[in-house]
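Take a look at the structure below.
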Amino acid sequence: MLHVSMIGCGAIGIGVMELLKSDPEVTFDVVIVPEAHMEAARPVVFSLAPHARVANRLEELGQRPDLLIECAGHKAIEEHIIPALKRGIPCMVVSIGALSERGLVERLEEAAREGKTQVQLLSGAIGAIDALSAARIGGLDSVVYTGRKPPAAWKDTPADGLFDLDNLKTATVIFEGTAREAARLYPKNANVAATLSLAGLGLDHTQVRLLADPAVTENVHHVEAKGEFGGFELTMRGKPLAANPKTSALTVFSVVRALGNRAHALSI
Ligand SMILES: NC(=O)C1=CN([C@@H]2O[C@H](COP(=O)(O)OP(=O)(O)OC[C@H]3O[C@@H](n4cnc5c(N)ncnc54)[C@H](OP(=O)(O)O)[C@@H]3O)[C@@H](O)[C@H]2O)C=CC1
Ligand SMILES: O=C([O-])CC(=O)C(=O)O
């Protein structure tokens, strides 16, 4: 039985608990939420993981889980993941976009080294991360990522204002540049670009194009990679979660897979 503590009880956290509620090999002991949301989170957590306690910090409970998983955002990595790694608790992170902040990846590595443990970065909404990180070993020449989303997905971003998102008639390029610049300008849509960068050529050498496309209803991720290994092209059409249209449903399944791989006898 894998004893898991989870940070975040939003679209991904709830989706993960729902899918794992009948898995006898995974149990949620603690769900960490911000102080202001503890009351609201309690009934939700109780209905999905009746044995789990809702807390503001892991240390408060004196709890030492087998694994701590982050499904919450940038602040949670600073507040919970880094201290847990230093205490030797293995961690998983899904907010990969947050790792485009300079120095944060190195701080995660340092904390894991200090605690003699490991932090796993999850693939989330994108596939072929295994192939890309293997290809890097032989040498990569180029990685180009194109992210295409419905215009509404770009509301409250720098594209809103630069473009008349409500009245776009054709697919429109709203950004073209490096993954680092994409992550700076579009932090809430930067998870896939950052994941591809960390697995491949890094934030400064991964090329990104972002489009607002009135013809799509899904989050379409296209990757083209070339290198010593040969090349691959991948297109993923991720259905957005009803609870958060910025998040593809595959992200939830990716977390469930990662937890299953730690808990079950067979890992794939
Ligand atoms: N790797 C990938 O491919 C993908 C990664 N993501 C990332 O996953 C994360 C979660 O996404 P999603 O579930 O859709 O987002 P939601 O906004 O639906 O949920 C996030 C939850 O985490 C809570 N939270 C925020 N900060 C903290 C903290 N410091 N401690 C505890 N809880 C906290 C939020 O609470 P409150 O509302 O009070 O702030 C909220 O309830 C995001 O960072 C997102 O960018 C998303 C899609 C794909
Ligand atoms: O598709 C998703 O779930 C999220 C996404 O585009 C990103 O953050 O890069």
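Glycine residues also receive a Cβ, built from the backbone N, Cα and C atoms like all the rest.
Per TrEMBL, active site is recorded for His221. The annotation NAD(+) binding site is assigned in TrEMBL to Ala125, Asn191. The domain 'Aspartate/homoserine dehydrogenase NAD-binding' annotation in TrEMBL covers 8-119. Marked as domain 'Aspartate dehydrogenase' by TrEMBL: 169-256.
Distribution of TrEMBL features across the structure.
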residue : record              : DSSP (3 states)
Ala125  : NAD(+) binding site : coil
Asn191  : NAD(+) binding site : helix
His221  : active site         : strand
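The 10 Å shell around the Cβ of Ala125 (NAD(+) binding site) contains 25 further Cβ atoms across the protein chains shown. Taking the Cβ of His221 (active site) as centre and 10 Å as the limit, one finds 24 other Cβ atoms among all the protein chains shown.
With a cut-off of 6 Å between Cβ and the nearest atom of ligand 1, the recorded positions Ala125, Asn191, His221 reduce to Ala125, Asn191. Taking the Cα atom of each, Asn191 (NAD(+) binding site) and His221 (active site) are about 11 angstrom apart. His221 (active site) and Ala125 (NAD(+) binding site) have their C-alpha atoms 9 Å apart, to the nearest angstrom. Cβ contacts within 10 Å of Asn191 (NAD(+) binding site), excluding its own Cβ and spanning all protein chains shown: 26. Predicted-model confidence for the domain 'Aspartate dehydrogenase' (169-256) is 95, expressed as mean pLDDT.
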